[in-house]
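Trainee: Got a structure for you, questions after.
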Amino acid sequence: MSSSDRDIIDIESGEEDLYSDGGNDIIDIESGEEDLYSDGGNVSDDYNPVDDTISRSEKSYVVVKEEDILKLQRDDIEQVSTVLSVSQVESIVLLLHYHWCVSKLEDEWFTDEERIRKTVGILKEPVVDVNGTEVDIQCGICFESYTRKEIARVSCGHPYCKTCWTGYITTKIEDGPGCLRVKCPEPSCYAVVGQDMIDEVTEKKDKDKYYRYFLRSYVEDGKKMKWCPSPGCEYAVEFGVNGSSSYDVSCLCSYKFCWNCCEDAHSPVDCETVSKWLLKNKDESENMNWILAKTKPCPKCKRPIEKNTGCNHMSCSAPCRHYFCWACLQPLSDHKACNAFKADNEDETKRKRAKDAIDRYTHFYERWAFNQSSRLKAMSDLEKWQSVELKQLSDIQSTPETQLSFTVDAWLQIIECRRVLKWTYAYGYYILSQERNKRVFARTFSLSCCSAEAENGLERLHHCAEEELKQFIGKIEDPSKNFGELRAKLIDLTKATKTYFENLVKALENGLVDVAYNESQSIEEPESFTKRSKTRKIKTLI
């Protein structure tokens with residue numbers, strides 16, 4: 001089965017890994033030396049793309065460990081070697097050239113084998129005589145004479161001593177992943193250097209580095225896998241599309257990211273909006289907007305001047321020294337009063353527009369940044385809760401930690417909701433940046449209503465987890481506090497908040513065209529938290 005046709009397995013965060021932890025004592029394919037590939041090891045032999053398949057109504061992806069990547073590589077190498085009747089070393093060269101796309105390789109090979117051989121550097125016959133009778137052979141690099149055993153060649157037959165081969169290949173490995181496609185040292189020769197030569201002449205540390213590049217090439221050169229961007233994580237994610245617009249995936253290291261752009265998970269906001277927003281946060285253009293909004297140019301030298309006192313009599317700094325009125329920008333020497341109405345000139349209009357743009361951007365950015373910092377704080381609180389405080393609560397309440405998992409669920413829900421809420425402000429910023437028409441105002445109103453409901457629910461949940469729950473941790477417990485009531489309250493708030501945000505995400509994914517909580521979607525809140533109606537209805541203006 002080719003890599004391009006391989007099925008993808010669905011995975012949900014928190015479930016057990018789909019692969020076994022088989023041994024990784026791997027034997028070289030041909031030489032028998034230790035290497036990354038073998039039939040002798042049992043690296044994830046239970047890997048089965050059919051097992052544990054979840055409904056295709058959700059996005060399909062699978063988190064893959066390095067040993068599983070090795071097995072997938074080995075399977076592709078063996079398939080190509082069998083189908084094309086070439087050695088496994090040549091299979092590796094071909095797969096690297098075709099970026100591990102087995103189907104494309106096989107199609108083009110059977111269409112024009114000779115052209116493919118020449119393109120990748122696999123020669124059928126050497127270009128120099130390798131069957132001579134001379135005892136000593138001159139190295140093509142150092143020009144010293146060596147015995148046949150001290151000389152090594154690739155398919156072209158050009159002779160080089162093993163010492164020169166070692167230096168040549170080691171230099172290529174130190175240069176980076178380009179070492180996977182090393183050619184013969186002869187400048188005019190296009191013959192490729194295979195893994196058999198790498199194994200023969202390189203030291204262990206260089207060989208390990210080479211095979212590290214080789215392993216990573218399966219993910220980085222292909223189109224279906226990407227490495228988890230979390231620092232230190234060695235998992236990759238294989239992805240398949242089933243019609244959903246979200247690319248968010250959850251790695252086994254617990255890091256959630258967008259598979260498409262490799263930024264933090266940002267559903268339901270699309271990658272383009274995220275890219276524009278992050279770029280805007282770094283863009284120096286906001287500095288120019290601030291200058292336009294908060295300063296006026298000196299009428300004489302045109303340098304921007306910020307007014308920092310109450311008086312309208314302004315003096316430009318040296319060497320200009322121009323005196324003028326801040327209100328009307330006229331020289332003070334012939335200035336009487338500037339209380340007559342004057343229509344805004346072009347510069348004043350620009351300043352007002354710049355100030356409006358800054359105020360609008362600041363409004364959304366502050367809320368985006370607040371939810372980001374709140375999310376990071378919640379992640380820190382969860383870590384502290386799981387490592388210290390959960391055990392304290394378990395001891396105080398004489399309850400197993402497994403029965404207190406609802407507290408962890410609450411914190412996880414808070415973290416996820418902060419993430420979603422953060423990106424709604426980036427989404428909202430670009431809605432208001434569009435043409436002012438009825439549809440845009442309707443979408444803005446819908447977003448405001450949905451996010452307000454969700455944010456209010458989140459704040460109540462966050463307060464309960466951060467303040468009320470922690471009141472039950474300490475050396476002395478207030479007997480007036482009823483932990484059972486808090487348990488029910490926290491569970492209800494977690495469910496209600498989850499429903500709010502599911503509706504918000506659905507509304508954003510649908511473009512806020514159909515935003516309504518009907519009777520079947522009513523959200524019931526704990527009576528202790530609100531006196532308002534338990535059923536809310538939101539309708540758009542569209």
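Using N, Cα and C of the backbone, Cβ positions are placed for all residues, glycine too.
This is the feature table in Swiss-Prot:
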| type | residues | note |
| --- | --- | --- |
| BINDING | CYS139, CYS142, CYS161, CYS164 | Zn(2+) 1 binding site |
| BINDING | CYS156, HIS158, CYS184, CYS189 | Zn(2+) 2 binding site |
| BINDING | CYS228, CYS233, CYS251, CYS253 | Zn(2+) 3 binding site |
| BINDING | CYS258, CYS261, HIS266, CYS271 | Zn(2+) 4 binding site |
| BINDING | CYS298, CYS301, CYS316, CYS320 | Zn(2+) 5 binding site |
| BINDING | CYS325, CYS328, HIS335, CYS338 | Zn(2+) 6 binding site |
| COMPBIAS | 10-19 | compositional bias 'Acidic residues' |
| REGION | 1-25 | region 'Disordered' |
| REGION | 135-342 | region 'TRIAD supradomain' |
| ZN_FING | 139-189 | zinc finger |
| ZN_FING | 208-271 | zinc finger |
| ZN_FING | 298-328 | zinc finger |
Trainee: Apart from CYS228, CYS233, CYS251, CYS253, which residues in this chain have a Cβ no more than 8 Å from the mean position of the Cβ atoms of those residues at the Zn(2+) 3 site?
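Mentor: Sorted by sequence, the hits are VAL63, PRO229, SER230, GLU234, TYR235, LEU252, SER254, TYR255.
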Trainee: In the structure shown, which of the binding-site residues CYS164, CYS184 has the fewest other Cβ atoms within 10 Å?
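Mentor: Counting other Cβ atoms within 10 Å of each of the binding-site residues CYS164, CYS184, the minimum falls on CYS164.
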Trainee: Using all protein chains shown, find which of the binding-site residues CYS325, CYS328 scores highest when you count other CB atoms within 10 A of its CB.
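Mentor: Per the Cβ count within 10 Å, the most buried is CYS325.
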Trainee: Within the zinc finger (298-328), how many residues are helix, strand or coil going by DSSP?
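Mentor: Summed by class, the stretch gives 0 helix, 9 strand, 22 coil.
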Trainee: By CA-CA distance, flag whichever of CYS184, CYS228, CYS233, CYS320 among the binding-site residues is nearest to HIS266 (Zn(2+) 4 binding site).
Mentor: CYS228
Trainee: Cα of CYS161 (Zn(2+) 1 binding site) to Cα of CYS301 (Zn(2+) 5 binding site): how many Å, rounded?
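Mentor: About 73 Å separate the Cα atoms of these two residues.
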Trainee: Mean pLDDT for the region 'TRIAD supradomain' (135-342), as a whole number?
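Mentor: Summarising the region 'TRIAD supradomain' (135-342) by its mean pLDDT gives 86.
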Trainee: To the nearest Å, how far is the Cα of CYS271 (Zn(2+) 4 binding site) from the Cα of CYS156 (Zn(2+) 2 binding site)?
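Mentor: CYS156 (Zn(2+) 2 binding site) has its Cα 48 Å from the Cα of CYS271 (Zn(2+) 4 binding site).
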Trainee: How big is the gap, in Å, between the Cα of CYS301 (Zn(2+) 5 binding site) and that of CYS325 (Zn(2+) 6 binding site), rounded to a whole number?
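Mentor: Cα-Cα, rounded: 15 Å.
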Trainee: Drop a 10 Å sphere on every Cβ of the binding-site residues HIS158, HIS266 and tell me which sphere holds the fewest other Cβ atoms.
Mentor: HIS158
Trainee: Between C-alpha atoms, which of these binding-site residues comes nearest to CYS325 (Zn(2+) 6 binding site): CYS139, CYS156, HIS158, CYS184, CYS253?
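Mentor: Closest by Cα: CYS253.
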Trainee: Nearest by CA distance to CYS316 (Zn(2+) 5 binding site): which of the binding-site residues is it, out of CYS156, CYS164, CYS184, CYS253?
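Mentor: Among CYS156, CYS164, CYS184, CYS253, CYS253.
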Trainee: How far is it from CYS164 (Zn(2+) 1 binding site) to CYS251 (Zn(2+) 3 binding site), counting Cα to Cα, in Å?
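Mentor: Distance between the two Cα atoms comes out at 44 Å.
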